[in-house]
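Asker: Per TrEMBL, the feature Fe cation binding site maps to H92, D94, H152. Marked as domain 'Alpha-ketoglutarate-dependent dioxygenase AlkB-like' by TrEMBL: 4-184.
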Amino acid sequence: MGPGGFYRPSNRSGAKLRLHMMCFGRLWDPVTKYEKSYRSDGSAPPPLPYEFISLAENAIEDAQLHMKLLPSMLPDICVANFYSYGDRLGLHQDCDEHVGGLDRGLPVVSVSIGESAEFLYGHTRDENKLEKVLLESGDVLIFGGKSRRIFHGVRRIIPPLDPTGVSQVIEETGLILGRLNLTLKQS
């Protein structure tokens, strides 16, 4: 939290989103998109760690073994979203990137850490026609190629059924309960 760290972004109407966000590599914001280099607090995003870039490249290479037409991508931004219980992210498309990359279907790599999330996705905004999947800690989701512009969102964060050991993890790491999602893409 604080300058350069996680903050609660707003949408165009000024309402706060139900998550905390920060960026690495480049700045992206729900209102200004990629237009600004600095946040309202004057901070620039920290550099994109090599480990994040490597994670995305390796995940794409693994996926290409099963999907030959999935294009490669070199991420230059990571949007990190932190969800507490009760937080969510409404249906949206990741379509603020360069139109050439969108048309080529450059993939988005999403890494889940922490609590499970109910994730919705599909080619429509109609929630009754969307697919649903449970994303658990360690899951990597990639959407690219023909599916690059899917609608997707987080319906809810699911608390652990067995909290045994959770307090030990919190004590040892200093982390708080919730879900961290790292979204890596090429802007």
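Just so you know, glycine gets a Cβ as well, placed from its N, Cα and C.
Automatic prediction, not curation, is the source of TrEMBL annotations.
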Asker: If you count Cβ atoms within 10 Å of the Cβ of H152 (Fe cation binding site), leaving out that atom itself, what do you get?
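Answerer: Counting Cβ neighbours of H152 (Fe cation binding site) within 10 Å gives 22.
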Asker: Given the Fe cation site residues H92, D94, H152, which other residues of that chain have a Cβ within 8 Å of the mean position of their Cβ atoms, reported in sequence order?
Answerer: L91, Q93, C95, I150, F151, G153
Asker: Give me the count of other Cβ atoms within 10 A of the Cβ belonging to H92 (Fe cation binding site).
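Answerer: There are 11 of them.
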